[in-house]
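Here is what TrEMBL says about this protein:
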| type | residues | note |
| --- | --- | --- |
| TRANSMEM | 12-37 | transmembrane segment |
| TRANSMEM | 58-79 | transmembrane segment |
| TRANSMEM | 85-101 | transmembrane segment |
| TRANSMEM | 113-132 | transmembrane segment |
| TRANSMEM | 144-164 | transmembrane segment |
| TRANSMEM | 185-202 | transmembrane segment |
| TRANSMEM | 250-272 | transmembrane segment |
Amino acid sequence: MKNLLTRTLSGAVFLALFLAALLWHPAAYAVLFIFAVTVMMTEYLRITVGPHEKAAKAIAIVTGILTFLLTFLCCGYGLDWKWLLVLPVLVSLIFVAVLYAREGEAYRTTPFILTSLLYIALPFALTGIIVFSPEGDFDGRVLLAVMIIIWSSDVGAYLSGMAFGRRHGHKLFPSISPNKTWEGYFGGLVLALAAGWCIGHFALVDFPWYHCLALAVLINVTSTVGDLAESQLKRNFGVKDAGRIMPGHGGLLDRFDGALLAFPVTVLYIVLFRL
């Protein structure tokens, strides 16, 4: 009971901050997401690299922050996209820092340090395309809708898994996450579709309802894959939670694992269909 209360309170605080960031002002969105990128990259690098290679990790985190910040300024404030050319220079500095890593460790740690940029910083940076119009007007409703679908999918999977998959359920991916079942997955898909329909029907976003349903399916699939990918990462490194920043939930990486794949797919869909 105490753990449930802790989870509920920390989840409520997180939800309030997220809503304020997306519905209030672009600066609030930028501050929250820069904080999220910093924390999540720190969690990921703590798991994969450990306490060593501090210089390379620090450069990677700074590069991740700048990836988000420059994209934010380009999408919303007219900054010339050529400023993104700063990023490859910073990436090259990571290689310089890795040269001073302990003997035999450089080849092991470098892929993880570089992957942190692709896995975490890039998906968050791409959200700038979602929240800003081509004219630079800020509107966080689409990104909020994406998160609503992800949360609905998670809740549906949990409830359906508990109700139908607990005793005789069909395992979704037992080698990675023994508790996840196909019954839970389809329950998550149903609730994600319901959320997508409500988003379209009540005009939370300006998309036709069928695009909302298509996005719901894509987000459900990609967020599930993202969840499994992070579970495999933690299992391979013998870690239960990515962090402890959210009492009762774990780390931010544990909360945003599904979004890391859902964000790029949503951006791709919106760009392809010119929504």
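Glycine too: its Cβ is placed from the backbone N, Cα and C atoms.
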The transmembrane segment (250-272) versus listed stretches 12-37, 58-79, 113-132, 144-164, 185-202: most Cβ pairs under 8 Å: 113-132
Intrachain residues whose Cβ lies under 8 Å of the transmembrane segment (113-132), provided they are six or more past its termini: 22, 26, 29, 33, 36-37, 40-41, 44-45, 48-49, 53, 56-57, 60-61, 63-65, 67-68, 70-72, 74-76, 91, 94, 98, 138-140, 142-143, 146, 253, 259-261, 263-264, 266-267, 270-271
Interface present between the transmembrane segment (185-202) and the transmembrane segment (12-37) (three or more C-beta pairs under 8 A): no
Residues from the same chain, set at least six apart from the ends of the transmembrane segment (185-202), whose C-beta lies under 8 A from its own: 145, 148-150, 152-157, 159-161, 163-164, 172, 208-213, 215-217, 219-220, 224
